[in-house]
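Straight from TrEMBL, the features:
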type    : residues             : note
DOMAIN  : 28-205               : domain 'GTP cyclohydrolase I'
BINDING : CYS96, HIS99, CYS169 : Zn(2+) binding site
Amino acid sequence: MTTSQETERDGVRAGDERLEAFDAGRVEAAVRELLIGIGEDPDREGLRDTPARVARSYRELFAGLWTDPADVLGRTFGEDHDELVLVRDIPLFSMCEHHLLPFHGVAHVAYLPGTDGRVTGLSKLARLVDLYARRPQVQERLTTQVADALDKTLGARGVLVVIDCEHQCMSARGVRKPGSRTTTSAVRGILKTSASTRAEALGLIRH
Ligand SMILES: Nc1nc2c(ncn2[C@@H]2O[C@H](COP(=O)(O)OP(=O)(O)OP(=O)(O)O)[C@@H](O)[C@H]2O)c(=O)[nH]1
Ligand SMILES: [Zn+2]
């Protein structure tokens, strides 16, 4: 019998064919080339293990590519609560797909349970954010994907996702505006059609 630790790593089940998509050797070779390309010596002591370190790090940072939202939202339980559920200030780390530089900040995820009277575990909302954050991303798509998963996979009656991040591609390079933040939102179902329900959710997020 296998333990859950053996069968699951970074949310990806061993034996899952989606795991095969990650080619560590190829990532290592590319990082070695990259180091040569910037004029470095990949064989000097400090850089010798860097390609393997980056491959391990990318394996973790992009683990969301091999995970399905149904894996996260599959387990629900009956609860007599048909009103708003909000998890605020979920820290998130993602990678901008344009520059492969991090963006990080917080996500606020609110939903109204579906008519079947079932809710998901609170941690699953944070896991869902991680699942989509751990991919090459843009913030708008990340926000949309989290909202759509709750709308379609969980069958929520209403969804509101607000994400607020600082992008290192805007801080460390390029336009160089550290401290500037980007806010995106996605609204579905009742939270879209009912201004008062949406105002209640936004008020709780601001609280
Ligand atoms: N809409 C959106 N844009 C993003 C996101 N992350 C990075 N960007 C932007 O993607 C754009 C890429 O612009 P390009 O002109 O192709 O690349 P660039 O020459 O490196 O652009 P600069 O960053 O302006 O130097 C930049 O304006 C980034 O600020 C994101 O999550 N959403
Ligand atoms: Zn970027």
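Cβ atoms are placed via backbone N, Cα and C, with glycine included.
In TrEMBL, annotation is done automatically, which means it is predicted and not curated.
For CYS169 (Zn(2+) binding site), the count of additional Cβ atoms within 10 Å of its Cβ stands at 16 [all protein chains shown]. Other than CYS96, HIS99, CYS169, the residues of this chain whose Cβ falls within 8 Å of the Cβ centroid of the Zn(2+) site are, in sequence order, MET95, GLU97, HIS98, LEU100, LEU101, PHE103, HIS167, GLN168, MET170. CYS169 (Zn(2+) binding site) falls within a helix when secondary structure is assigned with DSSP. Mapped onto three states, the DSSP output places CYS96 (Zn(2+) binding site) in strand. This prediction places the mean pLDDT of the domain 'GTP cyclohydrolase I' (28-205) at 96.
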